[in-house]
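I have placed the structure first, in the form of structure tokens, so that the comments after it can refer back to it.
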């Protein structure tokens, strides 16, 4: 049995401003650094053998803070397949201004739909089609070999992966929310099947810096 640990990046500077980030490379805010410390604290006592992260700064920073807090230095792989959903023409725009411009119905389709296209961007289905093959080819063999793996990524890339891991319907995955500062710990058996799940969250006071 091995652990697959999913962690959404900490709060970024654009999260705090309500701006759509997508592939824009935005660093963590101070609160995001505290979020990362809380996630790390929740994992004390679990051996971590390997880490994977997207190529975006906010995910990489989250993992750097976590591993430093835990005093570990496992091999780490960065890959674009783990990136956030690309929001195309909406990247850098204020979500609430977009909502005012396009209306509630279209806003919800842009924000949270499976296959509704956005200009120059990706759908959640597109994200699923890139992250699941990467998981199957690179991360799953580690887990089957008994290695515990941490993956720091983004709300939509993690949402897409969890659809696969938990065999969720489209309706179920669209409702899925990933908490910041939490760790989603999956038990994966020797055949690569999910055998259990636990959401870990440290005391908020443990994340102060």
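Placement of Cβ uses the backbone N, Cα and C atoms for every residue, glycine included.
Annotated features, as they stand in TrEMBL:
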ACT_SITE  9  active site, tele-phosphohistidine intermediate
ACT_SITE  84  active site, proton donor/acceptor
BINDING   8-15, 58, 84-87, 95, 111-112, 155-156  substrate binding site
SITE      154  site 'Transition state stabilizer'
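Between the CA atoms of residue 112 (substrate binding site) and residue 84 (active site, proton donor/acceptor) there is a gap of 13 Å, rounded to the nearest whole number. When Cβ atoms from all protein chains are considered, those within 10 Å of the residue listed as 'active site, proton donor/acceptor' total 24, not counting its own. Under the three-state DSSP scheme, residue 112 (substrate binding site) falls in the coil class.
In terms of Cα spacing, the recorded positions 14, 84, 87 that come within 10 Å of residue 154 (site 'Transition state stabilizer') are 84. Within the group of binding-site residues (14, 87), the Cβ with the highest number of other Cβ atoms inside 10 Å belongs to 87.
If you take the Cα of residue 84 (active site, proton donor/acceptor) and the Cα of residue 8 (substrate binding site), they are about 10 angstrom apart, rounded to a whole number.
The DSSP secondary structure for residue 84 (active site, proton donor/acceptor) is coil.
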